[in-house]
Amino acid sequence: MAAGLARLLLLLGLSAGGPAPAGAAKMKVVEEPNAFGVNNPFLPQASRLQAKRDPSPVSGPVHLFRLSGKCFSLVESTYKYEFCPFHNVTQHEQTFRWNAYSGILGIWHEWEIANNTFTGMWMRDGDACRSRSRQSKVELACGKSNRLAHVSEPSTCVYALTFETPLVCHPHALLVYPTLPEALQRQWDQVEQDLADELITPQGHEKLLRTLFEDAGYLKTPEENEPTQLEGGPDSLGFETLENCRKAHKELSKEIKRLKGLLTQHGIPYTRPTETSNLEHLGHETPRAKSPEQLRGDPGLRGSL
């Protein structure tokens, strides 16, 4: 009896204590503003950043390969930039808006080479920006630690990044020749000898070296440099190159021919825009006799007004 009474008193004491005070609960500190749309696990996978293609293979100086698989970030103004060597460059808007912008500023594409030196990393085929794709050039500079030091946008949709690393502090760290396999080094030696013997012109020398760098995988061929087609068809490519203009002209010519055939098939006359009189251009139409039915620019008919 006494034991049962003791248990009853114990239960009553616990219920009287009530729940723990709200102040005792732990609070999680959010270090960065909203990243909705990027790291939200409840969103479908399609809402996350999606690249148009895979990055190019890792290439260049072997001592830089250790940077592959790592990412370095920098917050400037209201944007967070992230550079992942040999992978991509991304931008994330730091805001509390539900639709904060996040996008890809470029995917690892090729090196830039000048005077036997790797002068920069090109990240191309980023997210759409008007009629073109965003792209970034990353300059490697000597520094005490690996860090993304600076980001700017010198022209619309083109970004310039400076990445500091102790891996490029040696004066020969970015030379191209030592990174080449023996066979390509011998080819380069022959090209230099031919130039010295005046067997090739400076222009020919430059062209041969470019081909050599393409064989090494440091530069892309002209065909590989064709812009990746944006979602929405060929019209969304824009006219970034002469080849694109030629392709677009050819497609438009075929479409015009097809439409003319349809008009002829349905017995609908058509005239060229250049045949319109000056008075019509000025808004004064030449008087015409009314007809019961007036043809429009499509196969349909419109009744008299």
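Cβ coordinates come from backbone N, Cα and C, glycine included.
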Looking at Swiss-Prot, which of CYS129, CYS142, CYS169 bridges to CYS157 via a disulfide? CYS129
Pick from CYS142, CYS245: the cysteine that Swiss-Prot pairs with CYS169 in a disulfide bond. CYS142
Segment confidence, the domain 'MRH' (69-171), expressed as mean pLDDT: 95
Give me the DSSP three-state residue breakdown of the domain 'MRH' (69-171), ordered helix, strand, coil. 3 helix, 67 strand, 33 coil
What's the CA-CA gap between ASN115 (N-linked glycosylation site) and CYS169 (disulfide bond) in angstrom, rounded? 18
When you tally the Cβ atoms that lie within 10 Å of each candidate's Cβ, which of the disulfide-bonded residues (CYS71, CYS84) has the highest tally? CYS84
Looking only at Cβ atoms, how many others are within 10 Å of the one on ASN88 (N-linked glycosylation site)? 21
In whole Å, how far does the CA atom of CYS157 (disulfide bond) lie from that of ASN88 (N-linked glycosylation site)? 15
